[in-house]
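Q: First the structure, then my questions, so here it is.
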Amino acid sequence: MSGIYVYSDRLEIAAELIGFAKSGGQAAYALCFSQAEADQLASRGADKVIYLKGDSPLPENYGKALADYLKEQDAELLVVGATARGRDMAARVAGYLDCGMVSDVAALDYSNGQLNTERIIYGGAVVQSETISGFCVVTVAGGKFSPVSGQAEIKTVAVQADPRVTLVETAPITKEGVDLKQAASVVCVGLGLEKEADLKMARDLADVLNAELGCTRGISEERHWLPVEQYIGISGAVIKPQLYISMGVSGQIQHIFGVRDAQFIVAIDSNEKAPIFKFADYGIVGDMYEIIPLLTETLKA
Amino acid sequence: MSKIIACYKWVADEADIRINPDQSVDITKAKGKISDYDKNAIEAAVEAAGKLGGQAVTLTFGNAGAKPSIKDALSRGPEEAYWVKAAEADQADGAVTARALAAAIQKIGDSSLVICAEGASDTYARQIAPRIGAILNLPVISSVIIMTFEGNSLVATRKLEDSLETVKVELPAVVAVLPEANNPPLPGLKAVMAAGKKPLTEYSAADLGIDFKPRNQVVAVKGYVMNRKNIIFDAGDSVSRVKELAAALRKEGVL
Ligand SMILES: Cc1cc2nc3c(=O)[nH]c(=O)nc-3n(C[C@H](O)[C@H](O)[C@H](O)COP(=O)(O)OP(=O)(O)OC[C@H]3O[C@@H](n4cnc5c(N)ncnc54)[C@H](O)[C@@H]3O)c2cc1C
Ligand SMILES: Nc1ncnc2c1ncn2[C@@H]1O[C@H](COP(=O)(O)O)[C@@H](O)[C@H]1O
């Protein structure tokens, strides 16, 4: 069955990818690796749900089976949700089939057997446009397309899972952070903050502004001072607040990628050469330990 | 002795990239660097060699400009370096890069573990480790934050969006590590001195018989420009600067 094949380990993204495939008028086949996923996908508007059935609980172990199946079906395109699992599986399929792949595209268009994509490189500094003809693989983050609905038949295909990697255990990560994507204002702390207790200074400012607290990657991934949901950037949250105020954030491009759509960017940093000032609407060069409490007081008044 | 191969990429430092007003990209003045998270891959290889036994080595696929990377990489602890030296690296896509690295890994011979970083700081495509695994038909574990070894098995914890998943595999395998996997120390002077004396093996494209034809065709490259007001309050003391900032924000209607 020639057509567009879609896969995501997240049901919502899978539904959006089906919506993308249908929007171009092509047949959309939704792939999955468990009966439960198949049942849920069945009402999401695909032309068919294809359940590759084997005996491993790890989707990654079906990489080879999926590649073989797509080849056998003469698939045109594989579109995968850009999650950790999705990216991994997509790249495996591309590796087995030695074909082109574009990761985490910002825009894509598929017509007449040609895939045209745009994606950012160099942490967000550069946008690269690529085209690929022939079967290829692309990954896309959630939220780009509208899901559709409609009943689909489930086709079960028995396949061999790769037995080499086995599951030992899985533990849920409890989300403790706030959803910065909805925030109207965000106060952001960077590695210029000397110690965890000083977060209070940022919180006080955030309270006055009715803002949420965000941070750079190092604050959550290295120092573990704030939950990972709260770091902003290309590998973290991409936000669109009216106001973003940073303190002790140098403004490396990977972080800035996450705040590009802020209406106003305000930066407080002690280094006048910090790149953040190039990306800011307003800025003060100075010690945040002096400036931020003053700002909080001024805004209270 | 079995090798633990850390793959790193020599990339242009994105902080030095200049975007011209017409959005064309000037990369000529950018300094090279080892892709940020590849330092974690190198450190992971060194740590794995300590626990598992074997020899940590580095592997890069790059043009002649990648020369300074060799000493830098070796100063971080590995014992030997391998370099696929080819001008075609500049035009390589994920398919070509993975083919080149896979061919080199086969040529190097006996290896128990291949370690990549999750994503390179230029492409951040997060493709290469799974692709290498597919090409060499090796098992792959991506998004790894913890590695422990039991005999010849690797037990790895992966960090996914909403779960930590622990998996086990018999070596050899390919792993992609997240930057949270370790904290690479800055190389000391002694390590930098010693790096110059460690062996380097260069492979040419002909040595490896690599097919350099990219699958992806790059049709345009455009700089991202952001127009902001860039107003810096620098007159007067801190109190008056803060007052000016607050006044400006009030005027913009964002308070
Ligand atoms: C592939 C890749 C993906 C990445 N993804 C992300 C991402 O999603 N999000 C992210 O944030 N980063 C990301 N990074 C990391 C990014 O490149 C930067 O390293 C990081 O954003 C820097 O964080 P920072 O600004 O907090 O720290 P630094 O760069 O260390 O800056 C600290 C700043 O604090 C200032 N400072 C120090 N003391 C004071 C003081 N008393 N008062 C005022 N200012 C002070 C300094 O002048 C400096 O400008 C990524 C990197 C790579 C390679
Ligand atoms: N040219 C290269 N030479 C050596 N290793 C590379 C090269 N390109 C990518 N890698 C490895 O693969 C990882 C992921 O790259 P990417 O899939 O391009 O994001 C990098 O972090 C490196 O560990």
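Even glycines carry a Cβ here, placed using N, Cα and C.
Annotation source TrEMBL lists domain 'Electron transfer flavoprotein alpha/beta-subunit N-terminal' at A:2-171. Per TrEMBL, FAD binding site is recorded for A:Thr216, A:Arg217, A:Gly248, A:Val249, A:Ser250, A:Gly251, A:Gln252, A:Ile253, A:Gln254, A:His255.
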Q: Have a look around A:Gln254 (FAD binding site) and count the other CB atoms within 10 A of its CB, chains all included.
A: 21
Q: Output the one of A:Thr216, A:Ser250, A:Gln252 that, of all these binding-site residues, has the highest number of other Cβ atoms within 10 Å of its Cβ.
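A: Counting every other Cβ within 10 Å of each candidate, the maximum falls on A:Thr216.
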Q: Taking the residues the record says bind FAD (A:Thr216, A:Arg217, A:Gly248, A:Val249, A:Ser250, A:Gly251, A:Gln252, A:Ile253, A:Gln254, A:His255), how far apart in Å are the two Cα atoms that sit farthest from each other?
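A: In whole numbers, the farthest two Cα atoms are 15 Å apart.
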Q: According to DSSP, does A:Gln254 (FAD binding site) sit in a helix, a strand, or coil?
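A: Where A:Gln254 (FAD binding site) sits, the three-state DSSP reduction gives helix.
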Q: Among the binding-site residues A:Gly248, A:Ser250, A:Gln252, which sit with their Cβ under 8 Å from a Cβ of chain B?
A: A:Gln252
Q: Give me the count of other Cβ atoms within 10 A of the Cβ belonging to A:Gly248 (FAD binding site).
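A: The answer is 27 other Cβ atoms.
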Q: Averaged over the domain 'Electron transfer flavoprotein alpha/beta-subunit N-terminal' (A:2-171), what pLDDT does the prediction give?
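A: Averaging the confidence scores along the domain 'Electron transfer flavoprotein alpha/beta-subunit N-terminal' (A:2-171) gives 97.
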